[in-house]
Structure formats: C-alpha cells, structure tokens
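Asks: What follows is a single structure, and I will ask about it in a moment.
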C-alpha cells in the first residue's frame, strides 16, 4: 500500500503529465511515453524498428512532428482526438474509442470561416497580431493556458502554436527597397533617435510602415554622432544597401551628416599614372590605418522634409515679407496681437470661454506653436465670425476692438495661404502619400497661388512672394530627375501635372531611358551567367554570340509598355501590375515619403509611454514598448521588430 505522501506525489505527477503538450497531441499514439524531466519529454517511437528514443519540449511537439514527416514520410499519418480525462500515462490509447462525446468547451458557435482548418502560417499570423497588439512578451506562446486555447482551434495536420524561439524567427522577415525617416526627440532630460521604415508592398502596392528604433542618444547632437548611430541602426537590420533615401528635417546637424558621409565615388583612374615617384610607407602605420577604416560610416541619399520646408515658407519667408512693407507691418502686428489676446483670454478663463460660447456659439481655436497649420486654422476661425460679434467679445473681455482694415488683412492672409495649408496637409499624409506626390503638389501650389493676385486690396504682392519662396527653397526638388520619375510612375499623375508639352516630352523621354536601363539591369544577371553554361555545339555558340534580335525585342517591348501606360486611364496603384518595368521603377522611387511626419508620430506615441510617472523605465524597455505599440496596427506579417529574446 502507498502512503498518503506517495499518493499525493503521484497525483501531482499525473496532473503535470496531463498539462504536457504531448498529452494533448493528436499524433501521440505513434509514440510511447517514457518520462518527463524538467522542460523535456522523453518518448519512444512505435514506428521505428528496435528502440528509438526521442525527446521534445513540454510545450511543443515540433521535434516529434519533424521525425514523423521525415523518417516516416511514406506512412500515412492519422490524427486522433484527445481528451483531458485520459489516464495519467500519455502513451495509453484507450481514449481513441471514447471520442463519441465531445467536451462542453468545444460546443462553440463558429462561423464557416472559423470552421475551416487553419494552416501553420495562419496560426502564426493570428498569434503574432495578438501578442504584438497586446504588447505581451514572446514567452506568452509557451504558456500552458495559452497553448490550450490555441489547441481548441481547428487546424490542419501539424499546425500548432510555435515555441518562443520559432516565433521570434517568424517575426523577422525582409523586404526589397525601402526608405527611412529619422529625427531626435528629447523628453525628461533624455534624448532618443527615432527611425521608421516605409516601403510599398510588391503585390498589393500599398504603403507599409514600421518603427525600427527609438534608441537613447547620449552626448551632443553632432553630425558625426548622428551618422554613426544611424548607420548602426541600418546595419543592425541589414538594410543599408536597400534604402533609397532617408527623410529628415532641415537641421544643420542632419544635413551635414548626410553631406559628409555619402558613399565615395572611385574616380582615381588616371591619378596613379601621373605619380612615378616611389613612396615608402611604414608597415605598422599602414596596418593601423586599415584597422581604423574597417568600419566606414556611409549613409543613404538624403531628402529634406517637405513639410518642414513649407513651415519655413509660411513662418519665416512670409513673416519677413510682411515686416519689410511699412504700410502692412503695422496692420499685421496689430491684427495678430489682438487675435492672440482673444485666444489667451478664451483659453485661460472658464468665464471667458462660456461667454464665447454664448455670443459666437462656437469655440475659438488656439494655435499650437509646433504646427503652423493650426495658426492658419485659428485665424480662419476668427474670420468666420462677423466683425460686430468679435468686437462684442473684445469689449466684454476689456480688449481693443478689431478695425475694418485689420479684419480685411486677416481675410486676405487666410486666402493667400490657404493653398499652402492644403499642400502641407497632403505632404504630411502617411498611408497613401508617396514621394511622387511632391512635384505635382508643388506645381499645383504655384499655379493656384498665382491665381489669387486678383481681388486683393492689402496683400496684392504676397502671392508672388510666396511663389518665389517656394521656387527658392524647393529648387533642388523642382530640378530633381528622381522626383520626376516618382511622379510620372504614379498612375494618379503620370504626365497630367506638367503644364507645357515640352516638359511632358522631356519627362516621357527620361522615363523611357530609365525603363530601358531598368530592363537591361534585370537581364544582366542572366547574361553574366551564360559563360558558365556548357555549349556543346557550334550553333549554340553562335546563338549565344549573336543576340541582336533579343535586344531589339526588349527595346520594342519597353517602348510599347511606356506608351500603353501613359495612354491607360486607370489611376489606381494596382494598374501598375500590368506594366512590370514601370512598376519596378515606381517601387524604387516612391518608397520614400515626402516628409518626416511618420517619425514625429512615433514620438507622439512616446509621450504616452514615457510619462512622468514612468520616467524610471530603462531605455531598452521603453524602446520595446514604443515599437510594439507603433507596429501593432499592421495587418498581416510584421516585417520589422527588434529581435527580443524570450525573456523580454
């Protein structure tokens, strides 16, 4: 007879055995349970001749499934239902005849799509969206209760919840060409360098995004420190040679970093022939120089944020022009000062806010210092009210009344700068805003602003000043061939945004040349491999040598493809699938965004994570929480996540 202690120990062992993943496995009848030691389960295969002992994890049967699919690939596997009310030894198979009555937990109302067995890829995607969306640690997939829930889901043979190591590998995937945005954010006396990635899905041609890093940035924000940290982030994801451009603001440190650390072009072909003198070099110094230059910092091409440039035009250039005109300077300052007094009074006093609601029946918008659009919207809201009602509010607040000339100035100010605000909102978009949107937006902005000259009494010359500022600050973009390729390869624009036929013909010729170059680059790998193939006959050698017809056919195909693309009336991105050469060019040049607004949105989320009450968060933990929060909105597979370990 067993003692009570031995019986309790046996019951505890039986209960732990029931919680093993092996005990609930549908293919366990092909194995005989031996023992459970620590985190491993030892079994014996009943299909193998002799004694074949195997081991697997207590939370995963992947090793045993791999053994069945490889060693016994010719054997047709039959899955059998399991029950939690089995005997304590998992190797028993008497539950196979007791599967007539299913447990109550399985009586669920499932839709037709849920009843369809899920594949391993679908299971991984579902678990990934849950774990990342809820910001859970990767070790969640090894939790017994979590795996028990997943086991209730109808799956195809072999599909199950992965272990933490396999799940971490699943989260890591690669894409083709992409772009990044970068900026530095400071909060609670700490600085962080944020980087986001953006690319086009090669199948759906939809904009995709991901946060790559938000790392602690210590020390001064010098250009060399920024370049080193950016290069480290790009290298850690192995995307340095895939980035088409990096978008930042116009800070002098960022601009200098990308100017200094661009890849060096080797153009010293003729220099060595000119120097005939022999120069002796110390071997020790040469080896030291090699070690120093081993880790060379290189950065991708740089795009300046179009939104930041637009802000500079509206705040700096327009303000300088208004102050430079003596007759307008006085009206400008007095009108803005009176509006500022109204905003301050209405936002700082509850009594004043209630009075505004009673008289105007709407609230006054208060501008934000970091967003110029908010200043324009606040002035536009003031202009929506009759001047009599505004003066009533000013009188009740004890403020000076707005004059008719000041009121006219505010209305004309909003009229002239309205197209700039619309363009700024377009360029700050993220989901459907491509780099090719920049040039058509600027061309339309210039045209609409010039059309506002008529009908202005006070600010009649302001439209020309705004257009001059646009052409000056965006001079590099307006002359960029890259921006033209990006715009022309967007079905929404093509050549329609160009005003003259001469510019349309020039853009079409440039697109045709780029398409020919792209087609030749695609054919180049095949051509370079041809010498390695064995040519057994003279005719084969001649066919390989003479290839005039193939080149002519390729050129004709490219020309017809460009012509068909420009004639097609489709404006959706999916129409590019019919023009593969143009699609490849669009994927390359439209990967970038016009502005660095995405990384600013990353920092906005950082304020929600890094609150004053959580300022003791470690840098690594803060980065993990922020990246998971930013990336959780992605559907399908997550392409970029920091490789956190299972103990995170």
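Every residue gets a Cβ built from N, Cα and C, even glycine.
In TrEMBL, annotation is done automatically, which means it is predicted and not curated.
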Asks: Of the ranges 452-472, 473-493, 494-514, 515-535, which one does TrEMBL flag as region 'Disordered'?
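Replies: When 452-472, 473-493, 494-514, 515-535 are checked in TrEMBL, region 'Disordered' belongs to 515-535.
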Asks: Of 1-39, 40-78, 79-117, which span is tagged region 'Disordered' by TrEMBL?
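Replies: That would be 79-117, per the region 'Disordered' entry in TrEMBL.
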Asks: According to DSSP, how is the domain 'HAT C-terminal dimerisation' (558-631) divided among helix, strand and coil residues?
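Replies: Counting residues by DSSP class gives 55 helix, 0 strand, 19 coil.
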Asks: Suppose you look only at the domain 'HAT C-terminal dimerisation' (558-631); what would the mean pLDDT be?
Replies: 87
